[in-house]
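Asker: Here it is: the structure, laid out below.
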Amino acid sequence: MTTRCPWVGEQSIYIDYHDKEWGKPEFDSQKLFEKICLEGQQAGLSWITVLKKRESYREAFHQFDPKKIAKMTALDIDACMQNSGLIRHRAKLEAIVKNAKAYLAMEKCGENFSDFIWSFVNHKPIVNDVPDLRSVPTKTEVSKALSKALKKRGFVFIGETTCYAFMQSMGLVDDHLNDCPCKTS
């Protein structure tokens, strides 16, 4: 690849993330759940910080299996607070457990998480015209609606900006620059 989106920089972990994951449509409910939880961990930080800790999160949070996470106790969160591989912010760590419970409540009511998430973009990616980084929004009416709907279902740490970053990363919107080789044609 020659011209990537300029936010990628030179770190190989970020280059791989950009080239192989970011903006690629993902429909697997558990992967979407993992990502929305990780996006919540980013609040106030840079994504690279979370990306470098992603494997530690997977280990600490049972590969993001909502059923196992929902059973985690305050003692489990105490252990997470001692784990240097995680962002040691109690409310953010507790949010993963709360979000697992909300996810399971949706499932119990017959709501498929992937179908729910993708319904906000009519089940197909929105490909935006992105001539430069200045034209990329940080939130949209759709991300506001998604945030509101998730909060109504009990999710936390999922504001409208976090939801937009989630939508970008999971391919609900394609915000690759127009001249980026990863841009949907």
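Backbone N, Cα and C define each Cβ position, glycine as well.
Not measured: the values here are computed from a predicted model.
Copied straight from Swiss-Prot:
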BINDING   Cys5, Asp19, His176, Cys180  Zn(2+) binding site
Asker: By a simple count, how many Cβ atoms lie within 10 Å of the Cβ of His176 (Zn(2+) binding site), its own Cβ left out?
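Answerer: Looking across every protein chain shown, the total is 21.
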Asker: In three-state terms from DSSP, label Asp19 (Zn(2+) binding site) for me.
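Answerer: DSSP assigns Asp19 (Zn(2+) binding site) to helix.
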Asker: Taking only same-chain residues 6+ apart in sequence, whose CB is under 8 Å from that of Cys180 (Zn(2+) binding site), what do you get?
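Answerer: Long-range Cβ contacts: Thr3, Arg4, Cys5.
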